[in-house]
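Visitor: Take a look at what Swiss-Prot says about it:
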type     : residues : note
COMPBIAS : 609-628  : compositional bias 'Gly residues'
DOMAIN   : 32-142   : domain 'Ig-like V-type 1'
DOMAIN   : 274-355  : domain 'Ig-like C2-type 1'
DOMAIN   : 448-541  : domain 'Ig-like C2-type 3'
CARBOHYD : ASN321   : N-linked glycosylation site
CARBOHYD : ASN377   : N-linked glycosylation site
CARBOHYD : ASN383   : N-linked glycosylation site
CARBOHYD : ASN419   : N-linked glycosylation site
CARBOHYD : ASN439   : N-linked glycosylation site
Amino acid sequence: MEPPDAPAQARGAPRLLLLAVLLAAHPDAQAEVRLSVPPLVEVMRGKSVILDCTPTGTHDHYMLEWFLTDRSGARPRLASAEMQGSELQVTMHDTRGRSPPYQLDSQGRLVLAEAQVGDERDYVCVVRAGAAGTAEATARLNVFAKPEATEVSPNKGTLSVMEDSAQEIATCNSRNGNPAPKITWYRNGQRLEVPVEMNPEGYMTSRTVREASGLLSLTSTLYLRLRKDDRDASFHCAAHYSLPEGRHGRLDSPTFHLTLHYPTEHVQFWVGSPSTPAGWVREGDTVQLLCRGDGSPSPEYTLFRLQDEQEEVLNVNLEGNLTLEGVTRGQSGTYGCRVEDYDAADDVQLSKTLELRVAYLDPLELSEGKVLSLPLNSSAVVNCSVHGLPTPALRWTKDSTPLGDGPMLSLSSITFDSNGTYVCEASLPTVPVLSRTQNFTLLVQGSPELKTAEIEPKADGSWREGDEVTLICSARGHPDPKLSWSQLGGSPAEPIPGRQGWVSSSLTLKVTSALSRDGISCEASNPHGNKRHVFHFGTVSPQTSQAGVAVMAVAVSVGLLLLVVAVFYCVRRKGGPCCRQRREKGAPPPGEPGLSHSGSEQPEQTGLLMGGASGGARGGSGGFGDEC
């Protein structure tokens, strides 16, 4: 069995199907229109920005419009575009006086050149697609501007730490930014956490101003209750600003210091340069007494001298300095300084004293004069006296060699080596830069002391006649001795370098037999006596003529050589005309032998030796060639 309404349902189904077919066949039956619009767009001031509005899907015909939402809520239309076929027809309606004006590009996007703070609005894109419906989307435009350099104006007055409430410290300015920057304060690089509500310890106030350009300027004023520790503190402020994409920046101001007023708590009083660690100053120096209190600003100082428990005021100034030109021993004593600070606490000691001690050293006095003459081998005592404060120390030296400490110098069994300059030096151990000296010259009177020497000496018996020798005599004494030689030619006496008091003379001569017999004497003399020395040479050998011996040896050698040559020549030419002629002239009578005795050979040899030398003289053609 069918339900009662079955026929009605059966009859309605074909109608619904037909309606669906008709709607599907209608050209305006399309999907719902949707838009792609970025909800937030960020840009830096002065840069260009493009707001995108893209319909999704395919629509042959639609109308795109851009609206601006102003502060009153009104929505003036800026531009529109109509899609006809494949092209978009653009129409600008209201530029709102913007320069450069708004523009639509070929894709229906809204273009804002050189973005300004006034462009920071909501921009609405509306697309009407007929039967597909109408879509609307909003893009929020934020324009960012970096503020100018942060400026700070500190309080240039004198701020008292005795105030029990916060005082104005400085004002910080950050101008022409967007959005409005934030200002923070710093002391010695550490951020100050100060509230914005007024309280005695510190707070800050802020004020934001919109400039004619639409940019924002922020002013912050800092108030603090100051302490004495803030006298050396450095303060500054910083502006924190925002940038696109969630970034941030910071601009710090220059640092500054405050001028504070605080009472004196401690006073110092001392002797300035020059002074020694023990507190002494030298007589004649320029001395400064320095007084300093730790209050600010600098208080007034009263400098005085105590004499018989009475104050003698010497100077009153704001520097706390007292200068004593060319200080003398009479200025030794007690000096004082008082700080005139009426804001100081009752238990603070505002007065200080010190003891000025002037060191002095008078010229030294010797018991002897500048020159002391003493006989050889005698003794003497010299005293050195001095007055000074603190007690001086005395020391004796000679040629920088220490001799002893104390005022007395004892000289005993003096010799010529004792001659020289003796120095008494006085010094103050606690004042190293203060010292004096006094000296005297010791002259030892006595007969001369003599020393002799030979240059290249030889042992006894090694001298030969004609050998050259240099003799040297050296002497010392006082008065200076004179040097003389027993022969002429001695050099003048001259001081010996590096040997104080010694003079020297030299004599160069040739050794002879007479010198060997008599010797050479050198004598040193002065009014106290003389000393004499004789140089002896021992046995002197006669000089052999080496040249004559050499000539004789050569002559003998040449003669023997000529004799051998002559004999050899005659043997080779035996029987020749020359030999026969010689035999005719000098042959013995017949029957006598050629050599009758041993002595008959010598004349012939002599003749042979002489023939070579005399034959040429006799005939001009002689020589060994004419005689055998």
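Here the Cβ of each residue, glycine as well, is placed from N, Cα and C on the backbone.
Predicted, not measured: the structure shown is a model, and the values here were computed from it.
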Visitor: Near ASN377 (N-linked glycosylation site), which residues of its own chain have a C-beta under 8 A away, given they sit six or more steps off in sequence?
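Guide: Listed in sequence order: SER413, ILE414, THR415, GLY446.
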Visitor: For ASN377 (N-linked glycosylation site), what is the secondary structure state per DSSP, taken as helix, strand or coil?
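Guide: In three-state terms, ASN377 (N-linked glycosylation site) counts as coil.
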Visitor: When the domain 'Ig-like V-type 1' (32-142) is classified with DSSP, how many of its residues are helical, how many are strand and how many are coil?
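Guide: Tallied per class, the domain 'Ig-like V-type 1' (32-142) gives 6 helix, 58 strand, 47 coil.
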Visitor: Would you kindly give the Cα-Cα distance separating ASN321 (N-linked glycosylation site) and ASN439 (N-linked glycosylation site), rounded to the nearest Å?
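Guide: Cα of ASN439 (N-linked glycosylation site) to Cα of ASN321 (N-linked glycosylation site) measures 42 Å after rounding.
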Visitor: Fewest other CB within 10 angstroms, which one of the glycosylation sites ASN383, ASN419?
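Guide: Fewest other Cβ atoms within 10 Å, among the glycosylation sites ASN383, ASN419, is found for ASN383.
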Visitor: Sort out the sequence-distant neighbours of ASN321 (N-linked glycosylation site) for me: same chain, 6+ apart, CB within less than 8 Å of its CB, listed by position.
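Guide: In sequence order, GLN288, LEU289, LEU290, CYS291 meet the Cβ cut-off.
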Visitor: How do the residues of the domain 'Ig-like C2-type 3' (448-541) split into helix, strand and coil according to DSSP?
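Guide: Once the DSSP states are binned, the domain 'Ig-like C2-type 3' (448-541) shows 6 helix, 51 strand, 37 coil.
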Visitor: For the domain 'Ig-like C2-type 1' (274-355), give the DSSP counts of helix residues, strand residues and coil residues.
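Guide: Summed over the domain 'Ig-like C2-type 1' (274-355), the classes give 3 helix, 44 strand, 35 coil.
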Visitor: Restricting attention to the domain 'Ig-like C2-type 3' (448-541), give the mean pLDDT.
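Guide: Averaged over the domain 'Ig-like C2-type 3' (448-541), per-residue pLDDT gives 83.
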Visitor: Tell me the coarse DSSP state (helix, strand, coil) of ASN439 (N-linked glycosylation site).
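Guide: Looking at the DSSP assignment, ASN439 (N-linked glycosylation site) belongs to a strand.
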